[in-house]
Amino acid sequence: MEGALIARDRVGIQDFVLLDAHNSETAFLDNLKKRFTEDLIYTYIGTLLISVNPYKELDIYTKKQMDLYMGVNFFELPPHIYALADNVYHTMLSEANNNFILISGESGAGKTEASKKILQYYAVSCPSSTLLDTVRDRMLMSNPVLEAFGNAKTMKNDNSSRFGKYMDIQFDCQGDAVGGHILSYLLEKSRVVHQNHGERNFHIFYQLVEGGEEDLLRHLGLEKDTKRYSYLVQGECSNVSSINDKNDWKTVKNALSVIDFDANDIEHLFGIIASVLHLGNVHFDGDTKGYATLNTNAALRWVSKLLGIHVQVLHEALTFRKIEAKSEEVLSPFTVDHAIYARDALAKAIYGRAFTWLVNRINESLENKDSGRKTVIGLLDIYGFEVFSVNSFEQFCINYCNEKLQQLFIQLTLKAEQEEYEAEGIGWEPVQFFNNKIICDLVEEKHRGIISVLDEECMRPGDATDLTFLDKLEEKMGNHPHFVTYKLADKKTRKSLERGDFRLLHYAGEVTYCVVGFIDKNNDLLYKNIKDVSALGVATQFKNSLLRLTEILTAKEAWYVRCLKSNDNKQPGKFDEVLVRHQVKYLGLMEHLRVRRAGFAYRRRYEVFLKRYKALCPATWPHWKGVPSDGVEKLVQHLGYQPDEYKMGKTKIFIRYARTLFATEDAFEICKHELATRIQAKYKGYRAKGEFRKQKEAATKIETCWRGVQARKERDRRAWAVKIIKQFIKGYITRREAKTTDNSEYLAFVRQSYLNRLKDNLPKTVLDKTTWLTPPPVMTETSEILRQLHTRMMVRKYVRGITPQKKAQLQQKVVTSGIFKGKKDSYPSSIAVPFVDTRISQYSLQKQQLILFSPGDMILQCDHLFEALTKLAMIANKQNNIKVVQGSIKFEIQAGKEGGVDFSVGQEPMIYKGKNGHLMVVSDYFHIFA
């Protein structure tokens, strides 16, 4: 980094910590613009990396670039995301602690790409093996899958992440990537049912319709036309020039197979996606009373088929609600608006649960079950601060998240700075900064914060609306300096507020939120009228998950990547100063720089500083033989450093002003050119002579030593071989005699050989009596003992494996055998079919055909006859009363009068009185019992 200071007038400063006017926002932006103009998109603030999106391909992500940054000191090469990734990795290895990288910025700033670049760097730079390559492939392939299901085109970004993602990459003690885990936050489920003009639904819907194979689409009931689906046409931009849905479909299908999704998982997943599209095509009409009716059942039948839910159940769920009436539940019809709300709520719930299932399945494929110690590097790709023309519930949650992360960011930065100063024995100077705790408390404080008020309003009895929620906010937050509404504002401020708005003064600036939709979005219920007082609102769930995330992050060492958009039009080479200035403000970059520059602009270890600048002082050149700190002291005194310009720590020198370092670097640049020629000539000669002499001496020594080693090895090997052969010959000759010193080793070999063969050829079942290996004479007794023990072990293992349920099954099967064995032709085929405890229920009994033909007698027709009669016989304890007969049954109607029932098989079931006076029963099949 120091070497690049000589070009600072042309390409700017690589580290903002060295910016002289560090309090000037204008100087900050000028430096960014200067570097951006030269295609230098990365700049540091200490170890924080700023990345400006160039909106064009740069040749800085090649394998050659990766190799260049591997294992190199963080500040040795120009700023790069590879430098940050490598430094995090080696810090984790050397200190054996957990780290995380927070990637933030607004939509379109390049957060997702930055996350990909870090994952790709670890995939290339970490050690390789078949198992590790599988883990890395799954980590890399999780990206296109999650992008397909969690990203969408917005007005600002064609591939905008509509959820927050935290991924832990797990490493073993050798630095191998061995597993991973993903947490997702606040998926924008409302996008499933509504998109603004110029925006799309999640990518996967278009990929499935445009890229899906004909057989798959036919199986899912879909057509290859996105315009036929209500949930895909609201934004009026199904086709986007920068997106190839057909190619992306192939990528996603391949990624799913790499992540270890089987065919059933994939079919199930796309069935759910298709069901959401069909659900969007379910339309309602109103009857004369205004109640909702379904005008077509085609789409609903597809939803029923794909989800495995009965059509009638879906119909009732979408057109009726259950209400309590005199301790009973009754169905009350929906209005059309309420039915549409229920349909959309169901679609959001289905997609949200599918996304959660998808993340869990990916985690299963990345899971490392080895209990050995592992360290992690976390990647947090989180939505940036959002300010739109109309800001709703989603922006409120996102901006609250950014408030918490800013609070954590400042705390961790201050903590790291203070700990470094204390470790080096440098006096800590308090830093003035804006503490946004007051804003975080405004949002999250128990019983008083905005989220608590929102939950209370959602759960209270009566008709809670968005406006009653706003009234409660005004009642509780009326005097807060960071909260204002139309009612609370002065005349001037009211001009910029609607009556349904409230405004928060965030650390990044003012944001006005429209309360319309807050109640519904926080409830996130399938039915608007259902209220579960034990359920948590969406905002509270998000707050709790955010608190858990901050706990995870505070336990790790923090690194930061701040992504900036260079312009709103995605135009290469354009630097919009107004837009960039706004992002610099809400990302807190000036605040971070002030913290880093509160004391000293530059600090380096004594060894590093002395190694670079020792040529500037005769006392330290060419070699300093004393303590490095003393050498640095000599050097800075020779350079004329003033006492207020630097401090000497325990292991580092701290330089207060950037200009002091600039002057030192300029002097070094002049000095090294003068030394280069002399050093080069002398060094080449010395090096050549020295290398030749060393190689010659080394060759002679190696040759001598190698020959001696080989000769001794050969001698020892032959002596050992002779001894072993003699022992085995004697042992073989005396193998049938009592154990002696001559045959003990041979007999031991025989025993071991037999046991090893036996270990690999043990019988697998108790019934296997023939495969036990014949033992040598010396092992006869032992072999018999082992055989008995092995048999007992297999018996015990089998008995222990019988569960109470299995035992009950076997008992029932014994009863069935006693009743039907040898009496029914179909009985043998039923033996392997297990009985099901829940099969005979009230519902299934209703499906059976019962025909009463005399008091106490009946004909029973059912699908699982053996099971049904066995259980009935056991319940009645009359197993012996069942008799199997053929063709017909005769019975006594009254004394002296006999009747009969004749059974036959036909295509159409019927019952009628025959010419012989018997009751004739015709069915497609019969089992006849008396």
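Each residue's number is its place along the chain shown, starting with 1.
Each residue, glycine too, has its Cβ placed from N, Cα and C.
For LYS111 (ATP binding site), the Cβ neighbour count at a 10 Å cut-off comes to 27, with all displayed protein chains included. The annotation ATP binding site is assigned in TrEMBL to GLY105, GLU106, SER107, GLY108, ALA109, GLY110, LYS111, THR112.
Feature annotation from TrEMBL assigns domain 'Myosin motor' to 12-669.
Note: the region 'Actin-binding' (546-568) comprises 9 helix, 9 strand, 5 coil (DSSP; helix = H, G, I, strand = E, B). If you look up TrEMBL, you'll see 546-568 marked as region 'Actin-binding'.
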Listed in sequence order, residues not in GLY105, GLU106, SER107, GLY108, ALA109, GLY110, LYS111, THR112 with Cβ within 8 Å of the centre of the ATP site Cβ atoms: ASN53, ASN157, SER160, GLY384, CYS563, LYS565
Site of maximum Cβ density within 10 Å, from binding-site residues SER107, THR112: THR112
